[in-house]
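Undergrad: Attaching a single structure in structure tokens format; questions to follow.
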Amino acid sequence: MRALVLAAGKGTRMKSKIPKVLHPLSGRPMIEWVIETAGKVAQKVGVVLGFEAELVRKALPEWVDVFVQGEQLGTAHAVMCAKDFIEPGDDVLILYGDVPLISENTLKRMIEEHRKGADVTILVADLEDPSGYGRVIQDGDKYRIIEDTDLPEELKSVTTINTGFYVFSGDFLLRALPEIKNENAKGEYYLTDAVNFAEKVRVVRTDDLLEITGVNTRKTLVWLEEQLRMRKIEELLENGVTILDPATTYIHYSVEIGMDTVIYPMTFIEGKSRVGENCEIGPMTRIVDCEIGNNVKITRSECFKSVIEDDVSVGPFARLREGTILKKSSKIGNFVEIKKSTIGEGTKAQHLSYIGDAFVGKNVNVGAGTITCNYDGKKKNPTFIEDGAFIGSNSSLVAPVRIGKGALIGAGSVITEDVPPYSLGLGRARQVVKEGWVLKKRKEE
């Protein structure tokens, strides 16, 4: 089985410089949804590109065969551009890059039906308002498809539509393609004409509107996004996740969340994030591509491409940037930013700190206002803080620098040299007190 994805269209009605198939749906380009599903049912996958072909090609996996349709002259013309992909002894599944939610189950039903002996198998649906769609007309055991623009008045009441999804016998398709003409209202080469040439046609029906909805406008894309969002929320609710306000919660379809986790309002969980069991996430929190363990609490914070182990507390108002690893039972508090750093088990950084390019050991106390000065104007430098160290408030650690095990840094210090284990590090001017100075100054005035 081969699958050919037609994705050459510009998407004029999207009013965008971005190719239509690259617009995201639940965090992934539309065409990525189609390629993934195609790869589950077919041994080879090909894609026909057109508008901004090179840009779309970069978004495709390397194992996909790519063909280019220089001028968009219809669906049959697109398939002709990939003629070398079609093998006489193999079946071909036709999919579309802007119809992203076609299901694996439906495609398997089509393939199974086709293998009962057909030149072509069509996926059809019945719509209350079929306007704009080609109609599937049955005459005994024969079927033909008429495009909406070419439909005679007496057939406009037919509600069975052609979804555009087909399985063709490779032998039949190679014979039919040269016979297709562009004698229609739009002057295009329609793949539906190949169906009309077929002697053996089989039909599979779907009643799932989502999987046959094509995206031609941003309005449709937003509608699909909302339907997919609610499907995901319903799935999570059924699997033991509490979502306090579904109306303000946005969770991408690829996200995994464990049971007894509570999601508070205004929370966004995106990408390939995985959240463990018995967590509290939100409110007003955004999580992107993170691995989160069990019993984690994150509130009013942002976390990007980070790993958060069990029993960790984050926030409020913390920011975890890419490359952050928070070990078990660590605590990150308000207005703390961490970038490309590992925070050891039981370590606390609870107030107003920046930790970047650092390796912090176990049970370290990072005092309020601590800054790792990692950038020297040319490159980023590392800071090492070993187990059990105590960093006093308002300290600046000028990297590269190492704070030894159990060392103590006095509050307000600027540390520019390594501090050995169990040592006191001070880097500040001695306090000066001038008794009675204020009263004396007032008298002078």
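Every residue, even glycine, has its Cβ placed from backbone N, Cα and C.
Pulled from Swiss-Prot, these are the listed features:
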type: REGION; residues: 1-218; note: region 'Pyrophosphorylase'
type: BINDING; residues: 6-9, LYS20, GLN69, 74-75, 96-98, GLY134, GLU147, ASN162, ASN216, ARG321, LYS339, TYR354, ASN365; note: UDP-N-acetyl-alpha-D-glucosamine binding site
type: BINDING; residues: ASP98, ASN216; note: Mg(2+) binding site
type: REGION; residues: 219-239; note: region 'Linker'
type: REGION; residues: 240-445; note: region 'N-acetyltransferase'
type: ACT_SITE; residues: HIS351; note: active site, proton acceptor
type: BINDING; residues: ALA368, ASN374, TYR375, SER393, ALA411, ARG428; note: acetyl-CoA binding site
Undergrad: Are there any residues at least 6 positions away along the chain from GLU147 (UDP-N-acetyl-alpha-D-glucosamine binding site) with a Cβ closer than 8 Å to its Cβ? List them or say none.
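TA: The answer is GLY134, ASN184, ALA185, TYR190, THR192.
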Undergrad: In whole Å, how far does the CA atom of GLY97 (UDP-N-acetyl-alpha-D-glucosamine binding site) lie from that of ASN374 (acetyl-CoA binding site)?
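TA: Taking the Cα atoms only, GLY97 (UDP-N-acetyl-alpha-D-glucosamine binding site) lies 45 Å from ASN374 (acetyl-CoA binding site).
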Undergrad: Which of the recorded positions LEU6, GLY74, ARG321, HIS351 has its Cα closest in space to the Cα of SER393 (acetyl-CoA binding site)?
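TA: Nearest in space to SER393 (acetyl-CoA binding site), counting only the recorded positions, is HIS351.
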Undergrad: Which whole-number mean pLDDT does the model give the region 'Linker' (219-239)?
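TA: A mean pLDDT of 97 is what the predicted model shows over the region 'Linker' (219-239).
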Undergrad: Out of LEU6, ALA368, ALA411, which of these binding-site residues shows the lowest number of other CB atoms within 10 Å of its CB?
TA: ALA411
Undergrad: Could you measure between ARG321 (UDP-N-acetyl-alpha-D-glucosamine binding site) and ASN374 (acetyl-CoA binding site) for me? Cα positions, answer in whole angstrom.
TA: 15
Undergrad: In the structure shown, which of the binding-site residues GLY74, GLY97 has the fewest other Cβ atoms within 10 Å?
TA: GLY74
Undergrad: Among the recorded positions ASN216, HIS351, TYR375, report those whose Cα falls within 10 Å of that of ASN365 (UDP-N-acetyl-alpha-D-glucosamine binding site); none is a fine answer.
TA: none
Undergrad: Excluding near sequence neighbours, so keeping only residues 6 or more apart in the same chain, what lies with its CB under 8 A of ASP98 (Mg(2+) binding site)?
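TA: Once residues fewer than 6 apart are set aside, ASP98 (Mg(2+) binding site) is near ALA7, GLY9, GLY11, LYS20, VAL21, MET30, GLY214, VAL215, ASN216.
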Undergrad: How big is the gap, in Å, between the Cα of the residue listed as 'active site, proton acceptor' and that of ALA368 (acetyl-CoA binding site), rounded to a whole number?
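TA: Their Cα atoms are separated by 5 Å.
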Undergrad: Please report the Cα separation of GLY74 (UDP-N-acetyl-alpha-D-glucosamine binding site) and ALA411 (acetyl-CoA binding site) in Å, rounded to an integer.
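TA: Roughly 72 Å, rounded to the nearest whole number.
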Undergrad: When a 10 Å sphere is centred on the Cβ of GLY9 (UDP-N-acetyl-alpha-D-glucosamine binding site), how many other Cβ atoms does it contain?
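TA: The answer is 22 other Cβ atoms.
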Undergrad: So which residues does the region 'Linker' (219-239) touch in its own chain, when a touch means Cβ under 8 Å and the partner is 6 or more beyond its ends?
TA: 14, 23, 25-26, 100-101, 210, 213, 246, 249-253, 255, 257, 259, 263
